[in-house]
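A quick write-up on the structure given underneath.
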Amino acid sequence: MTQTLAPTPVVADRRTPTAPPSAPSRGGSYRVPAQVYRVIRVLSPLMAVALWQVASSTGLLPERILASPAALLETTRTLTESGELQEAVLVSLRRATVGFLLGAAFAVVLGGIVGLSRLGDALIDPLFQMLRMLPLFGLVPLFIIWFGIKEEPKIYLVALFVVVPLYLNLVAALRGVDKDLREVADSLRLNTVERWRHLYVPAVTPGVLVGVRQALGMAWIALIVAEQVNAGAGLGYLINNARDFLRTDVIVVGLLCYAVLGLVTDSAVRLLERRALRWRGDAA
């Protein structure tokens, strides 16, 4: 008689399952916490300033080459107490503001025409592409001949540096508007004002804000050069006077003021960008 063997029942393993091995960090090494990198970012410039001060104190970096951080602080205090620094900053800020607004106005008008009109594209864009290839600082002698040596050439040079990046970003943003959205606007029979309000402005705002940040950076660079040309006031005037007397401390203070003004204006645009593009959820 043949005996049938019953299959052995499978008993489930009641042991607690072990977690899968964690993925190795990049490069197979321990991943450094993000907080460490933040601390390093803060300490890095402080360490550079400390080394700078040590080099100045020990004579490795003479004052005639570069003033020490301590000397810069003392010079800043002196210029602030006399009012020279505030006056120079206000004059330079006014020039940059007027030049930026003038350049932005031209960029918006011309960029809008080129971005929405094939005829405007054919007439205006080639001229701007040629202008973009020119060494713009080389126009300084021509600006002096055309506009003299007062405020006009400084403001116009800043405006010229603002026009190019803002124009390019606006044109690219207008050309990149979704074709389907244009067709929806056509089907709804939106007029020109309604198209700009409901279609073009929301669509081009991200690109335009990028252009504004680039234009502000170029504005301060242009102003530094423009104020070296027979300036009677402003940070450039302060720097030129210091150069004549070999005052490296005043020169560095003036340059740092340019840098701070650039950072402040850029931060203001980034804040505006975050608020204006909050609906996207990915604003810088």
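Think of each number as a place in line: the chain as shown, counted from 1.
Any Cβ shown, glycine's included, is placed from N, Cα and C.
TrEMBL annotations: computationally assigned, not manually curated.
Feature annotations, courtesy of TrEMBL:
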REGION    1-29  region 'Disordered'
DOMAIN    85-269  domain 'ABC transmembrane type-1'
TRANSMEM  98-119  transmembrane segment
TRANSMEM  131-149  transmembrane segment
TRANSMEM  155-174  transmembrane segment
TRANSMEM  219-239  transmembrane segment
TRANSMEM  251-272  transmembrane segment
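Simply put, out of 98-119, 219-239, 251-272, 98-119 has the most Cβ pairs sitting under 8 Å from the transmembrane segment (155-174). Note on the transmembrane segment (131-149): residues 156-157, 160-161, 164, 168, 222, 225-226, 229-230 of its chain, located 6 or more positions outside it, place their CB under 8 angstroms from a CB of the stretch. Sequence-distant neighbours of the transmembrane segment (251-272) (same chain, 6+ residues past either end, Cβ-Cβ under 8 Å): 66-67, 72, 75-76, 79, 85, 88-89, 92-93, 96, 209, 212-213, 216-217, 220, 223-224, 235-236, 238-239, 242-243, 284.
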